[in-house]
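Record features, source TrEMBL:
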| type | residues | note |
| --- | --- | --- |
| TRANSMEM | B:6-26 | transmembrane segment |
| TRANSMEM | B:38-59 | transmembrane segment |
| TRANSMEM | B:65-87 | transmembrane segment |
| TRANSMEM | B:94-114 | transmembrane segment |
| TRANSMEM | B:149-165 | transmembrane segment |
| TRANSMEM | B:197-215 | transmembrane segment |
| TRANSMEM | B:221-239 | transmembrane segment |
| TRANSMEM | B:246-269 | transmembrane segment |
| TRANSMEM | B:275-292 | transmembrane segment |
Amino acid sequence: MAGTSAAATALDQDGPLVSLKNVTKRFPGIVANDRISIDFWPGEVHVLLGENGAGKSTLVSMLTGFQQPSEGEIEVAGVPQDLSSPQRALDLGIGAVYQHSMLAPTLTLAENVSLGRPWWQKPDRRGIADEMRKTANSVGITIRPEALTSALSLGERQQAEIVRALMRGSRFLILDEATAMLTPKDAEKLGNLMRLIAQDGRGVVFITHKLNEAVAYGDRISVLRLGKKVGGLPPEQLRAMDKTEAHDEIVRLMFGTRTTGSEATENTPPPQHKLDETEKPILEILALEVDDEATPVSGIELKIRPGEVVGIAGIDGNGQVQLAEALAGQRPVRNGRIYLDGVSIEDKSIGGRRNLGLSYVTDDRLGEGIVGAFPVSLNLLLKQIGDAPFWKHGLEQPAEIARNATEKVAAFDIRTPGIGTPAGKLSGGNIQKLLLARELGEKTRAVIFAKPTYGLDLQNIAASRNRIREAADARKAVLLISTELDELLELSDRIAVMSQGRIVGIVDNNETARQRVGELMSGVGE
Amino acid sequence: MALFTEAFLTALLAGAISAGIPLLLVGLGEQMSEKSGVLNIGIEGMMLAGAYTGFLIAWKTESMGLGFIAGAGGGMFVALFMAVLCVRMGLNQIVIGISLTLGAEGATAILHHFQFSRTYPRLPATLKWDIPVLHDIPVIGPALFGREPVVYFALILVAVFAYLYRRTHFGLALQAAGDKPAALDSSGVDVLKVRTVAVLTTGALAGLGGAFMAIVGAGIFVPFMTHGNGFIGIVLAMLARGRPLWVLGGATLFGACLSLTTALQVAGIDIPTDVIQMLPFAAVMAVLIVLGSKANLPVSLGTAYARGER
Ligand SMILES: Nc1ncnc2c1ncn2[C@@H]1O[C@H](COP(=O)(O)OP(=O)(O)O)[C@@H](O)[C@H]1O
Ligand SMILES: [Mg+2]
């Protein structure tokens with residue numbers, strides 16, 4: 001009784017909405033959060049920054065009732081609360097968009113939103129769909145509430161989850177890397193929306209890897225490193241700094257130095273590969289058509305010469321995945337031709353294309369990139385199982401496999417306890433390095449990168465981008481699919497923009513490219 | 001040919017329904033467990049427990065109604081172990097399922113032996129409800145519309161479950177529990193509660209199916225009498241892809257195979273019974289070969305859910 005009335009009065013006071021008091025969370029063998037104390041204030045967008053594995057998501061899971069602190073206390077509106085279940089957190093007005101999708105794949109988006117209502121009631125599919133559309137409209141995004149979740153791209157799912165969180169009207173909203181799959185434009189919309197929600201007197205926690213976003217939308221910044229809170233910028237200080245000062249200060253807090261990784265977000269001038277206009281293209285795509293229920297792809301024409309990086313820009317879910325999978329051989333081609341070094345490959349198998357020198361670095365790292373339960377060593381050979389010298393007469397050659405793994409782990413700086421460690425236990429950045437190590441062999445002639453830096457921290461982003469540059473320097477043909485405009489501008493020679501399964505324009509990467517690509521993406525250039 | 005006389009057809013259809021109702025009940029039950037993400041291999045044991053308790057109470061009280069209730073209770077009792085061990089404690093569902101089936105087979109056989117030794121007391125014929133008018137249709141009438149109340153109950157259940165799955169949040173919650181339990185959890189629904197309800201319902205339905213075999217089908221209890229019916233129920237549930245109506249179709253088909261034995265005897269045709277008794281299992285194989293690859297099971301089927309684990 002006393003607790004509830006205290007909570008009610010505390011709401012009217014102007015104390016923090018939620019505070020962590022010396023919260024520690026241990027997992028077997030690791031302290032994910034180490035005596036963290038943070039106050040989250042109403043009316044503020046509070047940005048949490050930290051490398052992959054710093055403990056941000058763990059902190060979120062304690063606020064949302066998925067985990068309980070090993071030590072310490074969480075106060076909501078000044079009252080210590082036992083956030084014993086997600087239900088309890090929701091009841092207290094804490095809502096979240098999680099880093100990993102929390103939608104049931106076999107339900108439609110509207111049905112997913114409907115989950116959690118009284119069990120005997122009839123789901124109001126139409127009413128919820130309308131409400132979702134309205135909420136989405138108010139944020140300036142479009143979603144398809146009747147679509148089956150499994151038929152949607154990761155980006156579309158993330159947008160739906162944001163809409164769901166908004167519909168719940170929580171007074172404390174947590175967004176764990178919610179802009180990771182959004183285009184810059186949509187991310188900006190979401191950023192502005194966060195500002196609006198905060199002005200409303202509610203609290204927002206925003207987790208991101210992008211310093212621009214942190215500085216642009218955050219009122220206050222806290223930085224985690226290796227499970228500890230290592231510092232932050234209160235509103236007064238943040239307001240007093242200009243953009244570069246803030247960036248430098250944050251990078252210093254995150255990595256302990258001022259220089260490391262800060263280039264990753266700066267715009268280096270576009271690459272100047274020595275391109276010979278007369279040289280024969282390595283990868284040539286002619287009038288390619290790919291079937292897909294949601295986003296059929298058609299009329300794709302592209303030529304990529306040795307050493308050239310062609311970027312594919314576009315809002316997620318406009319056929320990029322379908323195109324990449326069709327090129328890699330994971331999806332049948334309906335019509336058109338694909339030539340690799342003059343050989344037509346559209347009818348060849350995945351393995352056949354790979355043997356001819358085509359590699360594909362998927363964005364679905366956990367789903368199709370690796371087999372989580374297999375050791376690192378086997379994952380490095382996943383697409384060569386049965387091939388000499390690693391297998392002879394069908395028998396594994398452990399020495400060869402180990403040699404290959406040790407070499408690649410060193411060459412690509414894969415941080416793993418050992419080559420026998422199950423790959424699923426590695427952090428996201430290291431899984432990406434593993435994929436790069438596997439896909440970027442000497443025989444490779446052409447590489448397709450699908451969102452190669454999605455969800456990575458600054459250091460890993462820089463490492464991945466360097467690998468892409470190196471691939472081009474080694475005269476390979478590179479197709480770079482990304483929703484990050486900055487990344488495309490940094491790496492590509494030309495940028496093609498995809499919209500609704502078609503290429504709506506190809507732009508040379510020069511001073512006007514940002515403007516032109518932006519126009520094409522938003523449909524102005526058509 | 002004299003095979004298709006009215007008597008033969010009536011016997012065939014009546015037999016198909018008698019054999020099909022237990023399959024329908026276990027199939028519907030297993031379907032609910034599987035939807036929620038629990039592979040319930042203990043269902044054969046739940047069925048047998050239901051057959052035993054159902055028979056015992058019907059025999060003692062001379063009330064068929066109490067017998068059926070006790071049967072459902074017996075099945076639920078075994079299911080309670082499944083709920084505690086697999087859903088709450090997260091133990092391996094296959095290992096526990098097999099143990100429960102073996103345990104129930106042994107326990108009911110021993111209990112029956114202690115009580116009745118080698119005698120198999122028989123229950124009186126069961127009460128039947130004739131549905132007016134419909135009952136007078138030849139063949140179909142006596143076979144379908146002059147039946148025990150439980151038959152009607154099972155058929156109504158098909159519609160009830162279809163409604164529940166498609167038209168209520170309970171249906172959505174079940175599906176989410178089987179496909180992405182964390183998503184359901186994050187929506188504030190207790191995954192373990194949903195799964196527990198599903199498993200206990202499965203137990204009750206399997207028990208009812210077993211009781212039907214003992215009270216209506218055989219009129220006696222014989223150890224091991226469920227005879228793989230629970231396992232056929234698992235196959236039906238997997239092939240029905242979450243649709244109760246398909247369970248009904250499958251149960252009718254397999255029921256018809258099972259009843260061929262009796263029907264052919266009525267017709268006086270001489271085929272070794274061993275061959276005929278193989279029929280339903282051959283049918284399972286055939287159906288699995290044709291449709292098995294299309295069975296799309298819930299993603300998290302067979303895996304325990306523990307919040308926050310990864
Ligand atoms: N459920 C869990 N079980 C074991 N270890 C975990 C679990 N969740 C997170 N961890 C570990 O805790 C550390 C912090 O992870 P996380 O909070 O996801 O980091 P971030 O979100 O900052 O990238 C990592 O080393 C991770 O492996
Ligand atoms: Mg995280």
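Placed from the backbone N, Cα and C atoms, the Cβ positions cover glycine too.
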### Query
Are there 3 or more C-beta pairs under 8 Å linking the transmembrane segment (B:38-59) with the transmembrane segment (B:149-165), counting only pairs at least 6 apart in sequence?
no
### Query
Which one, B:38-59, B:65-87, B:221-239, has the most C-beta pairs under 8 Å toward the transmembrane segment (B:275-292)?
B:221-239
### Query
Are the transmembrane segment (B:65-87) and the transmembrane segment (B:221-239) close enough that 3 or more Cβ pairs fall under 8 Å, when only pairs 6 or more apart in sequence count?
no
### Task
Please indicate, using numbers and ranges, the residues of the same chain that are 6 or more beyond the transmembrane segment (B:65-87) and have a C-beta under 8 Å from a C-beta there.
38, 40, 42, 45-47, 49-59, 93, 96-97, 100, 104, 123, 150, 192, 195-196, 199-200, 202-212, 214-215, 304
### Task
Determine which residues of the chain contact the transmembrane segment (B:94-114) at the Cβ level, with the cut-off under 8 Å and only residues 6 or more beyond its ends counted.
39-46, 48-49, 51-52, 78, 81-82, 85-86, 221, 223-224, 230, 302
